[in-house]
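Q: One structure follows; several queries about it will come next.
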Amino acid sequence: MGKYKILVVTGDSLLAGSTNLVQLWLVGEHAEADLGKQLRPLRGRKTELEIDVPLHLGRLLVVKLRKHKGLLDSDWFCKWITVQGPGIQGEAFFPCYSWVQGKETIYLPEGTALKVNDDTKNLFRKYREQELEDRRNVYRWGSWKEGLILPIAGSTERDLPRNQRFMEDKDLDFSLSLAKVLKDFAIKGTLDFVSRVQHLEDYQKVFPHSKTALAGRVRDSWKEDALFGYQFLNGANPMLLRRSKRLPARLVLPPGMEDLQTQLEKELKAGSLFEADFSLLDGVKPNVIIFKQQHVAAPLVMLKLQSDGRLLPMVIQLQPPRHGCPPPLLFLPSDPPMAWLLAKIWVRSSDFQVHQLQSHLLRGHLMAEVISVATMRSLPSLHPIYKVVSTGSGGHVDILQRATACLTYRSFCPPDDLADRGLLDVKSSLYARDALRLWEIISRYVGRMVELFYKNDREVKEDPELQVWCREVTEIGLLGAQDRGFPLSLESRAQLCRFVTMCIFTCTGQHASTHLGQLDWYSWIPNGPCTMRKPPPTSKNVTEGDILDALPCLQQARMQITFTKFLGRHQPVMVALGQHKEEYFSDPGARAVLKQFQEELAVMDKEIEVRNASLDLPYEYLRPSMVENSVTI
């Protein structure tokens, strides 16, 4: 019994406040005190309450909230609550960071992380169970297409849980930006119907005026072999290139190409032969756009790594060999310039398809959705790992289904992925260097957190909530991916650290590496055409007219630019990795670990800034200040 001081903090987004009254309870180890309907939360405000409680509450466990509807029901975004009073040293911190809706009762446990097995008196058990039961009713697994990893249930934005939607100010910015680009497209696109592309330079008509510096460089140098090869290392899609261990079986060399065979074998023996294989696209049925059949290729590119770090193409095969058909045409740098250029354009178009569907959508957005839904369904807000990971028409479906079947655990962990692809020692792969460094920083952060809350491997194995979470990701969300290396259980601190690091890196660094480069590399249409209007060439007698007939028309090009600008733009409200304002931990040990994480990220950010100042082509996509704390668009 005694006087309690309560501070309630409301979010500052557009509609965070509420006109409804909110009732509060203080729940202690010995009793529960109803504080009544004394709170009407206003946007961005800190509301202080001072209340005499006649009961002996004992240790304060939970703050309970319930919003009471008036004539209008308005949701409330509560950031956190602090309480000072009898038996409390300093102040008790109760994080919320979620919407309070309808008549639901919200239970906010004190912010000290607690595993279920550490709750020896079962003081929090019913709150944990109730929270997970409520969440499982809201966060339900859906199904989009057979063979694809599972999304959250819902067909529209309104079907999503309120806590998974954009805040109103961000949603407004998103909607206004989309309306603006569609308006611009409608106005300028009308003129495109009476215009034709007669020269490659005519794509300047749709080239954005607000281009990035790198986009301008791409426009000026896109025909160069060195820039073509560079993109496999450090472009919008650095996930495909791998060092060759043998000559690919699909690379059939016809008579008369003995010199090429010798060169390839020489590079292979030296360890400097690389390949980019787009077999994922083989047999995919392309769309019909504006009453015209589009076309898809499944190229293979063989490249050599020079001693100066440049990666140069040696040969391009646009389609795999077919039984009973002549060997497919091979294109070489020594071919007529227009033939070689068209072959490279076909590769860039194929890379656009694989990048957007496999690397960006599947491995970024859809994988992040699996992790998010599994976390919300399996880990209560008290759990330490919940607090750690809370830092925030037919052809395309066919590609996603094929790519899903190829998802391996190792491919989501840069130390393994880069080793498997033979890129660990390639100094000119700035993506590899930065991805490995960022992974190591995240891994150290997670490792320190794990050591705080798990004293040994046995505590990991005996944490039932943790094991359910792991199975929810692997067995349900990823459709039984244990045969592709994903764990069904977590048996040690090291295994837990790796799994959590994978989750965080996937939702932050990996997404950034395939998202931030879109404006740079796809603003100049010939460098990354979204579609091709003619089939791959069957001869090397190629003119500029043949290239223009194959590339997107002006309407298609403007549509590509419109959505590249919209999806690739920098967010006006961007929270960088590790810089989230939400405080999920109240214990000083965890806060110290987070501070150390932020300091290590700052050091990496500064070192990349210094490195980039001396580079002809700076690489910034994994710079911590550029990496968003979560997947957005």
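Just so it is clear, glycine is given a Cβ too, placed from its N, Cα and C backbone atoms.
Annotations per TrEMBL:
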type: BINDING; residues: Gly17, Asp75; note: Ca(2+) binding site
type: BINDING; residues: His360, His365, His511, Ile633; note: Fe cation binding site
type: DOMAIN; residues: 2-114; note: domain 'PLAT'
type: DOMAIN; residues: 114-633; note: domain 'Lipoxygenase'
type: SITE; residues: Trp99; note: site 'Essential for stabilizing binding to COTL1'
Q: If you measure C-alpha to C-alpha, which of Trp99, His360, His365, His511 (recorded positions) come within 10 angstroms of Asp75 (Ca(2+) binding site)?
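A: So the list is Trp99.
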Q: Sorry to bug you, but what's the C-alpha spacing from Trp99 (site 'Essential for stabilizing binding to COTL1') to His360 (Fe cation binding site), rounded to the closest Å?
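A: Cα-Cα, rounded: 29 Å.
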Q: Whole-number answer please: how many Å between the C-alpha atoms of His365 (Fe cation binding site) and Trp99 (site 'Essential for stabilizing binding to COTL1')?
A: 23
Q: Could you tell me the mean pLDDT over the domain 'Lipoxygenase' (114-633), as a whole number?
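A: The average pLDDT of the model in the domain 'Lipoxygenase' (114-633) works out to 89.
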Q: Taking only same-chain residues 6+ apart in sequence, whose CB is under 8 Å from that of Gly17 (Ca(2+) binding site), what do you get?
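A: The list for Gly17 (Ca(2+) binding site) reads Thr10, Pro41, Leu42, Arg43, Gly44, Arg45, Ser74, Trp76, given in order along the sequence.
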Q: Looking at the binding-site residues His360, His365, His511, which one has the fewest other Cβ atoms within 10 Å of its own Cβ?
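A: Each of the binding-site residues His360, His365, His511 was scored by Cβ atoms within 10 Å; lowest is His365.
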Q: Taking the recorded positions one at a time (Asp75, Trp99), which has its Cβ surrounded by the most other Cβ atoms within 10 Å?
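A: The largest 10 Å Cβ neighbour count belongs to Trp99.
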Q: In angstrom units, rounded to an integer, how far apart are the Cα atoms of His511 (Fe cation binding site) and Trp99 (site 'Essential for stabilizing binding to COTL1')?
A: 27
Q: Looking only at the domain 'PLAT' (2-114), what are its DSSP counts of helix, strand and coil residues?
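A: The counts are 0 helix, 65 strand, 48 coil.
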Q: Where does His365 (Fe cation binding site) sit in DSSP terms: helix, strand, or coil?
A: helix
